[in-house]
Amino acid sequence: QRWLASPQNAEVSRVFVGFCQRCHDEQEMLHRMLRVDHAGEYGANRIYAGQMAVLGRSRTGPVIQEMWDHEKQHLEKFNEILAENRVRPTALLPFWNITGFLLGASTALLGKEGAMACTVAVEESISEHYNSQIRALMEKDPERYTELLQVIKEFRDDEMDHHDTALEHDAESLPGYWFLKNAVQLGCKAAIYISQRV
């Protein structure tokens, strides 16, 4: 109390409290980012698992498997990053486990075009989300987050490759393509919002 009595000491205290608050806010931002990225890669894995359950033995199977293999690598990396930074995963993983698989399987039941339409929608959403994170980290401190930025950029590029692959495999020829795409992307936005917070 005596120490805080002088104007100079009170100012130092305010600066210190402000600094601590900024550190806390930045840590919370980072935790939300990592939590939702992990949830997204987990969900993508389950979607591809659902697609493979239906189309694994079809001509499209190897294409889906290759994209799924990339997602497995992404998920493994985010498992490591979460552990290193002591970030808890979203509490909704059991829910995303079921809904991701059902989304993948149900769209695959529409045929190759349905699975690819789902892939376009999901990968476009994830790519846009990664781009927004890249912008946020660049604004905060690009040098401090160099390694994380490299990971996110690499994964973003993989997601865009999947998006383009799905378009090359007739995603847009699905009847009701735009309706399905918009519905899936609306679900992705909701999943991102919820996974950041729960």
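Just so it is clear, glycine is given a Cβ too, placed from its N, Cα and C backbone atoms.
DSSP assigns His74 (Fe cation 1 binding site) to a helical segment in the three-state reduction. Taking a C-beta cut-off of under 8 Å and a sequence gap of six or more, His74 (Fe cation 1 binding site) has these contacts in its own chain: Glu41, Ala44, Phe155, Asp158. Positions annotated as Fe cation 1 binding site by TrEMBL: Glu41, Glu71, His74, Glu159.
If you look up TrEMBL, you'll see Glu71, Glu123, Glu159, His162 marked as Fe cation 2 binding site. Around His162 (Fe cation 2 binding site), the same-chain residues at least 6 positions away in sequence with a Cβ under 8 Å from its Cβ are Met67, His70, Thr119, Glu123.
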Problem - Cβ within 8 Å of the mean position of the Cβ atoms of Glu71, Glu123, Glu159, His162: remaining residues of the chain near Fe cation 2 - result: Ala44, Met67, His70, Thr119, Val122, Ile126, Ser127, Asp158, Met160, Asp161, His163
Handout entry: Tertiary neighbours of Glu159 (Fe cation 1 binding site) (same chain, Cβ under 8 Å, six or more apart)
Key = Glu123, Ile126, Ser127, Tyr130
Completion exercise
In chain order, residues whose C-beta lies under 8 angstroms from the C-beta of Glu71 (Fe cation 1 binding site), counting only those at least six residues away in the same chain, are Glu41, Ala44, Asn45, Tyr48
Problem - Shell of the Fe cation 1 site beyond Glu41, Glu71, His74, Glu159, same chain only (C-beta within 8 angstroms of their C-beta centre) - result: Gly40, Ala44, Asn45, His70, Gln73, Leu75, Ile126, Phe155, Asp158
Exercise for the section: Give the residue from the binding-site residues Glu41, Glu123 that has the most other Cβ atoms within 10 Å of its Cβ, counting over every protein chain displayed. Expected result: Glu123
